[in-house]
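Only one structure is covered here, and it is reproduced in the block below.
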Amino acid sequence: MNKVYSLKYCPVTGGLIAVSELARRVIKKTCRRLTHILLAGIPAICLCYSQISQAGIVRSDIAYQIYRDFAENKGLFVPGANDIPVYDKDGKLVGRLGKAPMADFSSVSSNGVATLVSPQYIVSVKHNGGYRSVSFGNGKNTYSLVDRNNHPSIDFHAPRLNKLVTEVIPSAVTSEGTKANAYKYTERYTAFYRVGSGTQYTKDKDGNLVKVAGGYAFKTGGTTGVPLISDATIVSNPGQTYNPVNGPLPDYGAPGDSGSPLFAYDKQQKKWVIVAVLRAYAGINGATNWWNVIPTDYLNQVMQDDFDAPVDFVSGLGPLNWTYDKTSGTGTLSQGSKNWTMHGQKDNDLNAGKNLVFSGQNGAIILKDSVTQGAGYLEFKDSYTVSAESGKTWTGAGIITDKGTNVTWKVNGVAGDNLHKLGEGTLTINGTGVNPGGLKTGDGIVVLNQQADTAGNIQAFSSVNLASGRPTVVLGDARQVNPDNISWGYRGGKLDLNGNAVTFTRLQAADYGAVITNNAQQKSQLLLDLKAQDTNVSEPTIGNISPFGGTGTPGNLYSMILNSQTRFYILKSASYGNTLWGNSLNDPAQWEFVGMDKNKAVQTVKDRILAGRAKQPVIFHGQLTGNMDVAIPQVPGGRKVIFDGSVNLPEGTLSQDSGTLIFQGHPVIHASISGSAPVSLNQKDWENRQFTMKTLSLKDADFHLSRNASLNSDIKSDNSHITLGSDRAFVDKNDGTGNYVIPEEGTSVPDTVNDRSQYEGNITLNHNSALDIGSRFTGGIDAYDSAVSITSPDVLLTAPGAFAGSSLTVHDGGHLTALNGLFSDGHIQAGKNGKITLSGTPVKDTANQYAPAVYLTDGYDLTGDNAALEITRGAHASGDIHASAASTVTIGSDTPAELASAETAASAFAGSLLEGYNAAFNGAITGGRADVSMHNALWTLGGDSAIHSLTVRNSRISSEGDRTFRTLTVNKLDATGSDFVLRTDLKNADKINVTEKATGSDNSLNVSFMNNPAQGQALNIPLVTAPAGTSAEMFKAGTRVTGFSRVTPTLHVDTSGGNTKWILDGFKAEADKAAAAKADSFMNAGYKNFMTEVNNLNKRMGDLRDTNGDAGAWARIMSGAGSADGGYSDNYTHVQVGFDKKHELDGVDLFTGVTMTYTDSSADSHAFSGKTKSVGGGLYASALFESGAYIDLIGKYIHHDNDYTGNFASLGTKHYNTHSWYAGAETGYRYHLTEDTFIEPQAELVYGAVSGKTFRWKDGDMDLSMKNRDFSPLVGRTGVELGKTFSGKDWSVTARAGTSWQFDLLNNGETVLRDASGEKRIKGEKDSRMLFNVGMNAQIKDNMRFGLEFEKSAFGKYNVDNAVNANFRYMF
């Protein structure tokens, strides 16, 4: 296309001459054609002395791919990337691109010879006289040059394009122009990069050159040093390829690079700017490049010359009327008496069209004629409405809406023409009927709100293309444009569904910049019914068949002339044999004959390409985001659907019905070299992709989460197969080119942990679903009639898991860690190198705290060598373990975690099962091949067990359950500081048999007696059998609290018979005071409830004196808290309502009434915790004498519903009902010290009846019981109150304070405890306390009163810490 001026020595002139490249369109021409052009322009006398050569020369010790990626912003060279390392082919660091963020070269044309500096203008050198068009981005759109704008005196031009470029952002232009030495100032200009497409060479350190490719094959780029000369020309020496001053990626521009840009990073403006275009070089073996600096004044003038006078709309004068004469190419915009002349296309001269700029708020334009503006565009500085008279259209270079503007466009376009839209403002399409034109938008917002015509037809555009990553298109409704005609070009843009339901049958997305979103509050429904494929097939090339054999591309068309006839064949293999002898043309494995009709042969290839596309997977490179649900029905032909972009639907559901769905990362795109694919399955560098949605719904589907993909979503699976961490992957061999997707399927296994896929969420499996986990996993699994297989070493179950009729297998290096409990009605299996860890739940914001968790399964099968089961950090696991292979079982930890207090009922239950240990297991271990270790752990034998070795530290092994005795057989036992608890019925016992070796010390051997031996009964029951020579000190008799007793067995060691045996002789038992005290405290909870009600019996008296009316209704609420020894505390809320009637007798007011009460109380202590809900009712009578005396009588019945959990003697939770009766009498006398001050002595007596209760249960295998009989408390109280009344016109308030002594006259009920060691009786005691109270009673109106009282007590065994009583009374 172009040729840098080459300086050659001419013997005729005796000096250097500039040998020019008279460029033509030769991108695909041969060097011979280029040489011919050159020969025509060079004096013949000089040809024998000057070499015709062209090159872009780079270092040979750096991979050529680096230079290619640099030029196309691929690989590591993403715009904005910082401190990019550059390595040589041996992996040694050459240097870093650390002086500036990576430049964006998208403004450079696809062929590298020009750069976009304004939406409609490019810059290059004027000696590039042959090129007529340019393209940008992935090169899918071509822009024609309508005016070359050649500079009159320097080698520079700034061509104008026919349309506004929508794919890319123009490059910023230097603000310093040709200022002397401007670009030598390294404090401001910190880096210089270039890009070009000349013939490619590499150079070694000895200067040897190797040709890589011809001119214009592709672009390369690199660094250059600080200019040696900087004025109108920049001169530097990038040809000194290994000189560090030129940076780590020197790139010497040479013939073929004419017009290519030189960029500089302007640190002051914090952006890259184009400063110059390449003009000349110093020969292939030289080092110097010459660039012409951008003449900014000239450039600005060129652009300014293409504007007509600006149009300023004046409000109140009516719309701007736009008339246009197509013949003259001129038009007029008029408002009132003011006119503006505009220029449009004249004949075929697009450049005759000038740009128009509109200002004036809320402007209005009416097209009276169709306007053909050629290369002229419209720019709106303010908001406008543009409409047209019926059928009138507008065409031109495009529309720019400035930031903050909203232009309403009511004008339809022309078929075959696209409206190009730029600018940060909004363009609202609001025409009528069907607009046959298309839209290409590169910035801002376009709202499609086309209105229906009289026939109901709507089409805002025939097609929509979004590019550059900046634009948004908003759908007014679902009929605005055929979704299948929406495409996303280079870097894409956002399609906002705006709450509409939209169906795509194909997705045309060039890259990750393609976004489908919904920003509306109304949820959109997106249906991806991807049954259509691209039917545009390029004309296939026809290769020639070599008679001597060769290689080719299977599926391509080839020809050969035989007997003067051209025969056409389709190649079936990558290589073929000789066609002269052995004739490979007859081999169906190598060739398929498709006739001698060229057109039919070509059509056959096209048809097969289309047939292949019908089966090809669908790959979507873009993004789905926002408020929407996405549905993907089965794709015809069994085509798979692959997302290697991203999904972000936090409140949305993505559903797949049948077929295959794959979420995966995206291979990093690299620049192609000589036709190489931009991506491959075996490349190491992949981009991570994130997939987030509320729910992924799968039905009869096959789902894969593959490498470099993260999925954050719940999954609902119905008869589907889920593979997390799949090695299945797809690449698009046309990725980054904008061409039709060419998928390649294969496997790709990540090399690093960061490249592995990961999942977070909860999965529900139903109806024969299958889940294979090979990725990092965090979340929960509920499986019903399904199967789960784990091979990932990083699976974390953070939610409770449920497996019903479902299998769970961990194998091949898989590691399952469960943190929140698990249920399974089947066996969990650990295969070879599989590990299962059962743990408590980590407490948030703590370093080492865990809440207990329960694991209930039918069992665990350790079936493969090196299988492992770990129960640790607050986990309680139940279910037998069977080890059929050499495996390990770990219970507890030598570095145990701190167990947190329970916050949930499940956690509290789990904690109670641990019995103070760090971890617990309940079940048998069989198979004889497991190595078991215990640290601070509890093992409750659920059956006979056989293991290879057992290491026990600070742990306990006990046997419980039915009355069947257990035998633990172990080859090697190593126990220290541990407790072994065995049961006996005085005839048989649980046993421990050690067959090979027993070591250890400080172990306790405890016995749980299922029956109580008779006094003096001698036993002779072997408990432990170990090999001869085992130390007799390994086990000693231990004391164990069982029930309410401390039980110590009596043992002797027998070393006869070739074994060492520990034999049980009998036991000693004594009462355990702590356990008995806890039991007594639990049984006395009824007394505390009784006292709560007692303190509520007499709280009505302040309401009655001096009341008006014959009857009254009242309500009160009392809230309080109390405490006692043993960590006891309670709190209660008491609600009481009543109704009474007043009887006025001689000298006395008698009130008789009825009351209903409800009390909600809770209690907690070292021994128990629980709640009581009480309801009751009663009758009362109160007599108030005029003398000041009073008598109050009450009788009440209360029913108590109790729910308490005891933490002693394995009591557990008990739910029981009790009741109580109350009969109370109170009397007192109010002495008035003054008219408004009084003192009131009081006396009260309460007699009651509290029902007894009996509990029977087992602690281990020991029968226990607790009982207390009905008892009748008698409580007295004496005290005095002092009060004063404050009165106003319509109100009065009586304040009072008092103290009293409350005391028991009878002992509380007796508690009887019984266990295997006998019966223990705990007699009830008396209690007393001092009460203090302050309060007030207010008369609000004649018939309303309100009272408030505070109370507490001291000096008692049980005290009221605080109580608040509020009452309200209404008289009528």
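Here the Cβ of each residue, glycine as well, is placed from N, Cα and C on the backbone.
Pulled from Swiss-Prot, these are the features on record:
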ACT_SITE  His127  active site, charge relay system
ACT_SITE  Asp155  active site, charge relay system
ACT_SITE  Ser258  active site, charge relay system
DOMAIN    56-301  domain 'Peptidase S6'
DOMAIN    1106-1372  domain 'Autotransporter'
SIGNAL    1-55  signal peptide
Local Cβ density at Asp155 (active site, charge relay system) - other Cβ atoms counted within 10 Å: 22
For His127 (active site, charge relay system), the three-state class that DSSP assigns: coil
Inter-residue Cα distance where the pair is His127 (active site, charge relay system) and Asp155 (active site, charge relay system), in Å: 7
Rounded inter-Cα distance in Å - His127 (active site, charge relay system), Ser258 (active site, charge relay system): 8
Least Cβ-crowded entry, counting other Cβ within 10 Å, from the active-site residues listed as His127, Ser258: His127
Secondary-structure category, per DSSP, in which Ser258 (active site, charge relay system) falls: coil
